[in-house]
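**Q** Please see the structure below; I have some questions.
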């Protein structure tokens, strides 16, 4: 039954080569933690992806309740946190996951750096990886404001002041992020849009590039 | 289907374009030159990676259950809160407070050192171009990275220590803890536990009353705003729920808890009479929220 459905689709869309590109490849022994326990350091990239998936899923559930305006934002987060079944867990996962994904990405970056895996022919993949890191920091920054509590508000104010101090571009960046002369309603909607639409879109595009490059270039050899 | 791996195959073009018909998008890399036993990604290797993932997931969920995500009080621009970015920005935040990275040297801080550090991280493969991969054979790259790591850890730690010291000095407790305690207290008393600001707007009572003019003339609006919603000072809408006429008159004469200076002399200087001030106090005491 399942095979018939698969064959029916495959005849029309020729999906087997895609599946082969994604999944059908060998993994060498030196990155396999089952063979060498120390090879767990090669798992950090996969774990970053795993936590990113958790972030996307938990974030999707959070937007079912979150209201991005200054009157209701805090109230909606508080309601989610205290009244909704499992709301505290889902928000907790998104909150702690944001830190964990940074930790995992940091460890992954260090592994790649200290094993010299960014060397030719993998230079471009390192650059894309660093861009992923910056986008992830941007997601952390924009997500921090969304609960609209005092901590979020004052941290964002300071961040925008720091952005403002960059010569020439600073005031433009600040105005773009702030959407006006004060941190207020417009800032919250802008950060929300960046956090749930713009930055995740960039993140996904970069991730696809990252993965295609890994598959094209293969895993770097043992040291 | 027509995706063989035979490289001796005659080159076939697709339709009338000059796109070569290839053998799939990605040729699986050959690891036969690597020592040891390689294995299939799916399902063999993915299972092992999933086992590592499960260990991480259990730890993550345990943290989530043990430690609920913090939530403070609603954003209030006139609150006095020590600004604190998320922990992974602390090193940068602390760095930009250093004397040679702030004030008139701020450009050196933001573009100079941070720009060079992040720029060289981004372009590391083009700076460290040798073919040697082992870190102990790349002393410059490795020592620069280790130094940056030490600096980052040091800066993060000092930012956190300063924050804790500042909190202790000013006797502040983290707002998320305050909110939880307040909610628990209110719950015990059977009161609503929410800290969200009530959104219902309180209307001004008797807007056409001459006291409104006195209110503007006496300079009250510089802190309490022309719409009485407050600016530097608190909102006066519904102030009659808190203070009666005598109390308000006393506040005008003597100030309020050190937060508001006495305003009586200013009002007289602005041309108000004692009668006007008395009427103003009476009008303010009538400012009650609709029940």
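Note that Cβ sites are derived from N, Cα and C of the backbone, with glycine treated the same way.
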**Q** Choose the correct range: of A:10-38, A:39-67, which one does TrEMBL annotate as transmembrane segment? Give that range.
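**A** Of A:10-38, A:39-67, TrEMBL gives transmembrane segment for A:39-67.
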**Q** Check for me, if you would, whether the transmembrane segment (A:192-214) reaches the transmembrane segment (A:96-114) - at least 3 Cβ pairs under 8 Å, residues 6 or more apart in sequence.
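**A** No; fewer than 3 Cβ pairs under 8 Å.
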**Q** Quick one: mean pLDDT on the domain 'Cytochrome b/b6 N-terminal region profile' (A:5-223)?
**A** 94
